[in-house]
């Protein structure tokens, strides 16, 4: 007698009883209002419960052979796929202890036999309404959660685009090789990741999400240089003391700009927080000889200590029309020599551990020949003479 008595526009009720007469009686009672499935054993009930579509409510007899109703209910509530289906026990048991046991297993109601048809219909209707409300709230909650995630992704993308636009503005002002920003982010991510692996005490601070944010924040490291005049940015001779003082103030200017933006967001921890520390303190030195505040040791924010090494490696190895490019080995040697004076020793140790990856990134993201040629043409205009560069020809 197991099967589906279909009424597709209505809620689906599963009736479980080992007595065919009881299944027939309950089906006749419920069919005018609901779709009905029936099962004559606990095992068959469990199979139907995980089928599609699942029942909206289960009327479950307790006294059945092989697997009684208590065990069926216990298994239903243990399965995430079926735990939210309301179960109403139908039984000839009238002891309070039996009823309490049923509720403890997760049943929503307990109806004794012989049944009262109006009472059964009223309770089935009430519990289906409760389930419908719960389903609505759960669906609404899931929708809202998805919507929050979507909007969070949109905000994060907007933040990322904003930071990249600001970083590109600073880059175009200074006009280094075209791959500068493309290298800075992976350098920072690689260095921070290596530091987190080498120093377990920092794993709570350098989470994967924080490391990814540091990579984006590093893009803004040069934002303060927008305040500098070209004669300082592109000077080929040692700067006068007044110009050195102006150069040192660019860190304060960049910090002030990002602080003002963060203040408008009304929060003390935003996507600009790490960028703000990088811009302000990347020129500080471990021994206190840096600028603008003369911070030393761990007074220097960790993002800035990381950026100091990233920035120096990029400065040494990237093509620039105003200074000679160092080899990877030379850059590693010079950064290593600055451990404990210019740089945080732990960050230098992490850099040495990631040196091969830095080299691969530098080669893979090197400025192309055309960018170098454009820079040399700009130098022609500065010196009033021609500097020749033969670009490699495409193979025939």
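Glycine is treated like the rest: Cβ placed from N, Cα and C.
Mapped onto DSSP helix, strand and coil, the domain 'Response regulatory' (12-128) counts 50 helix, 24 strand, 43 coil. Look at TrEMBL and you will find 12-128 tagged as domain 'Response regulatory'.
As annotated by TrEMBL, domain 'HD-GYP' applies to 155-367.
Its Cβ placed at the centre, residue 61 (4-aspartylphosphate) has 25 other Cβ atoms within 10 Å. Sequence annotations record features per position, and here TrEMBL assigns 4-aspartylphosphate to 61.
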Requested in this report: Give me the mean pLDDT over the domain 'HD-GYP' (155-367), rounded to a whole number.
Outcome: 87
